[in-house]
Amino acid sequence: MMTISRRKFLKTTVSASAALAAPGISTRYAFGSEDPIKVGSLLDQSGAIASSGVTMVTAMEQGIAEINDAGGLLGRPLKLIQYDTQSNIQLYSQYAQQLALKDRVDVVHGGITSASREAIRPTFDRFRVLYFYNVLYEGGVCDRDTFCTGTTPAQTVEKLVPYAMKKSGKKAYIIAADYNYGQITAKWMTKYMQDNGGEVLSVDFFPLDVTNFGPTISKIQEAKPDLILSALVGGNHVSFYRQWQSAGMKDQIPIASTTFGLVNEPSTVEAAVSQGIYGCYGYYEELDTPESKAFVEKLKKRWPQIPYISELTAATYEGLYLWAEGVKKAGSLDRMKVIEALETGVSYKGPSGEVKLDPATHHTVRNAYLAVVEDKKWNVLETFKAVPPSDTASVCDLLKNPADNQQYVIDIKA
Amino acid sequence: MDLAAILALNVVNGAASLFLLCLGLAIIFGMMRIINLAHGEFVMLGAYAAVISANAGVNIFVAMLVVAPLFVGLVGLVVERCLIRFLYGRLVDSMLATWGLSLLIVGLVTTIFGNTMQGVATPFGGFSIGAYRTSWYTLFLLAVALVMLVLIYAILRYTRFGLIARAVMQNPEMAAVLGVSPARIYMATFSLGAAVTGLAGGVLAPVSGITPVMGGAYVAKAFITVVGGGAAIISGTSSASALFGLVNQLGAYLTTPVYGEVVLFLAAIVLIRLLPQGISGRFFKGTI
Amino acid sequence: MNGPVKLTLQALAILAACVAVAVMPSYVDLFQLMQFTLFCSMAVLALSLGFIWGFGGILSFGQTAFFGLGAYAYAVTAINFQDSTPAILLAVLVPALFALALGYFVFYGRISDVYLGVITLTVTLILFNVFNSTAGDAYAIGSARLGGFNGMPAVPTFNMPFDPSSILFPEQSWYVTGGALIAVYLGLRLLLRSSFGRVAIAVRENETRAALLGYDPRLVKLLVFVVGGGVAGLAGALYVNWGAFVGPTIFALSLSAEIIIWICIGGLGTLIGPIVGCFLIEYLVSQIGTQQAFNANLVLGAILVVFVLLLPKGLVPTVRDLLLAAGRLARERNRRPAGEETHALPGGHPVGAE
């Protein structure tokens, strides 16, 4: 009942907006091939999430400049329209409407937190704008209009947990940020602990503004785990690692994290705090491949003080190129044609290695790297080639259900 | 037994940090009825001052205990001269202006130093109580809080400045008639409040994540504590910090940090409902 | 200005607003229309605080508590019933009842001034924490999952009353939202002209005197507070209708402070001021993000600080004073050739010295 009425609504809205769009389209083609292709981008350049957002904007600018230097796409130059969402969800919705209805962009890359993605995704579905989300997240988005190019828990947590268990022991204590990413990641951690014959002593969640971890550290000591699994997020939560080290726990119980180092934590906290923390991501600045080195050099030339180039930045860059590959293959900017071209399994060899779009989930098959912090830098220990997004694949098949557009909470059977 | 000791230490630590964070706000709010919404940003500036000077080679204790309060005190002086002095007696305008100020400071710091900051190491190591380990720094925070308590009390109680400041606080017109310039006292008090806040930022820097927006985590809690404490700066703020610190830390230990916060807020509501003048309005009337 | 003239002007202004709402869709494009829809729903929120603060003397730091509760009540009901009619009703009722309970607790405890501000602020923080920690599957009301920090996406938007299959187009949503703003403004105006409104202002001016005249200030304040809560809840429903999304950041301290800023900028003690302030600041914030030269916080902060120093009374009262002064000046000029020059020159009268 509901779906029918909504679909009807979508149809009418779209035809209404198409009628409104008509003058814009005709002028665009009247301008001929010199009229630029508009690439929309929504990233936080101020506020609490800016530390992630600003380097991602640099990657977007770099990618667009490169494509333009190489002659653009379909003979037309690209033009970046980036709005600073100021770490404010309401502005995400507002600018999403602006990109879709006023600027009439051909694609949007952006969104950082899952909350921001869920706020803007319906807007792009409704007004038929192709959308790329280039951030590692909890998985489960199943939407034909949306492509998610970052890693999901099945690609990273699955590798991280057994490795950390091997190095420490079978009893883990999980601490995570108290929102969806943390909650769902903690479930995956629990699953992989149990799959590998381990045991989870306790799972604690922390609001993003908690800065005093004293009671938690005492609680952890009381539980006596062999291993800490952390999915803490943001500047305030860095306090945990500092307080953990200052309590002298650092050398007693090792930490493995799915979030530490995503911004530039290893270089901002002192070596004693970060030494020996395990992580598993889709990209590190220290990665020793020609593509990675060239990428790092280019970004540092564009912005010499760039704090750190993490998976967020690399995936943003690769997301842009994957879209460009799709446009080339489709030979058109038409949204459906580009989606169909991308669904043929387009791939791109980027800084993190070969990245291939998975047609059924609109996620990526990509490399994952296990690393440990040594002297404020990541030392890559193991490389896992072409890891599929099997978590999302367990709930999502867009080839069978192309009309699907929700985010599934994956039922994790531990 | 060990557990009781470590829990007691956590509670004391929580209360001491809260007291340090609130003292500067209490001085400014208690004496001038200015709600300083840029309080959190003063904490952040103190942390930045400490971290930057420590990374530049200044001794960490000098950086935390001297550079941070001096710098933020100076900032306070400038802010008072350029902004706050036009807004005395205008509670709402002062809120609007200090909210603008907080955005301005965050914007400036971000523009100059970027979104992340190289931190400093925590001084001292850890020690054990039975099976539990904790850091000496916890005790250091407690010591700083106690010293500040005594120091501010002594300044307000025994110095000429303190006497005049209290007089101005009670009745600015009468003080002005007697030849004191309330404007100068306000200026000094605001600067003092800012300096104390800067010190709090400085000593919390080694155990916090340092970002331009870190102040946002403190302002609401500090404000609630100060109002819960009531008009008396020292007795009110210290008793409210002790109460809220206890409730928060025990709540966080027994359940989760989420409910630790919620319990703290509920305690504040009940407290203000029962004692509309704050703790000191009921139990420590007439004290400082 | 004398009474009848003022009344006529007000009636004309409202008529003009109605016409503006009616013809807007044929003059602006869809994006601008949706942006205006957002601004109007926020303006309803601004009115709710402008009313209780400017005319009831109640400074609430937590007006977003009612706004957010209204938004969540709307979202939960709309998802469960797939019909926005009961959802809008509940979006007004739930926050109004919450305001009744909280207001009883506060006003009958004779809490006022800054303590009231702290209690409302604290309630908002509690709601933020609670809704933020509802990320698990266990936190669902009927078929609506609360979703924690990520919030509730894809909430059904408004439909024709009792007809869930005909969902409103953006143009129709605009008529509803713009119409709601005018209706709320008119309703509050009429309320203020009623005897209850006059008693509320009397209580704001002097509680003791009002009490001695036989009115119960606690009850009056409570009723004002409940009306404000209900209006804020309606704003919450309008907001969700605009974005089809609600999340716990709706309770954030920054939004609470922003409402206060709208009112300070527009002018406290007026009803039109909060609307003007809201439109201005919302427009400004959305424009700041489209430029890359300066940090957004830096620009907004500087504007606020300069504003407080230059226009302390807010826009609407300042403009009104200027107009009144100009009117007086014109009258004096007209009178002068005929009469003697005994009046002091009104030009020497400082603006805003009342």
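Cβ coordinates are placed from backbone N, Cα and C, and glycine is handled just like the others.
Residues annotated as compositional bias 'Basic and acidic residues' in TrEMBL: C:334-343.
What TrEMBL records for C:334-354 is region 'Disordered'.
If you look up TrEMBL, you'll see C:32-53 (among others) marked as transmembrane segment.
For C:65-81 (among others), the entry in TrEMBL reads transmembrane segment.
Within the chain carrying the transmembrane segment (C:87-107), a Cβ under 8 angstroms from the stretch's Cβ atoms is held by residues 65-67, 69-71, 73-75, 77-78, 81, 116, 119-120, 123, 158, 217-218, 221-222, 225-230, 232-234, 236-237, all 6 or more beyond its ends. The transmembrane segment annotation in TrEMBL covers C:87-107 (among others).
Look at TrEMBL and you will find C:114-131 (among others) tagged as transmembrane segment. Among residues of the same chain six or more beyond the transmembrane segment (C:114-131), those with a C-beta under 8 A of the stretch's C-beta atoms are 58-65, 68-69, 72, 102, 106, 146, 148, 248, 251-253, 256.
Annotated transmembrane segment per TrEMBL: C:174-192 (among others), in sequence order.
The transmembrane segment annotation in TrEMBL covers C:219-239 (among others). Beyond its flanks by at least six residues, the transmembrane segment (C:219-239) meets 37-38, 40-42, 44-45, 47-49, 51-52, 55-58, 60, 63-64, 66-74, 87-88, 91-96, 98-100, 102-104, 107-108, 176-177, 180, 184, 188, 191, 196, 199-200, 203, 210, 246, 250 of its own chain at Cβ-Cβ distances under 8 Å.
For C:259-281 (among others), the entry in TrEMBL reads transmembrane segment.
Marked as transmembrane segment by TrEMBL: C:293-311 (among others).
Proximity of distant same-chain residues to the transmembrane segment (C:32-53), defined by a Cβ-Cβ separation under 8 Å and at least 6 residues beyond the stretch ends, is recorded for 24-25, 59-60, 63, 66-67, 170-171, 173-174, 177-178, 180-181, 184-185, 188, 224-225, 227-229, 231-232, 234-236, 238-239, 241-243, 259-260, 262-263, 266, 268, 270-271, 273-275, 277-279, 282-283, 286.
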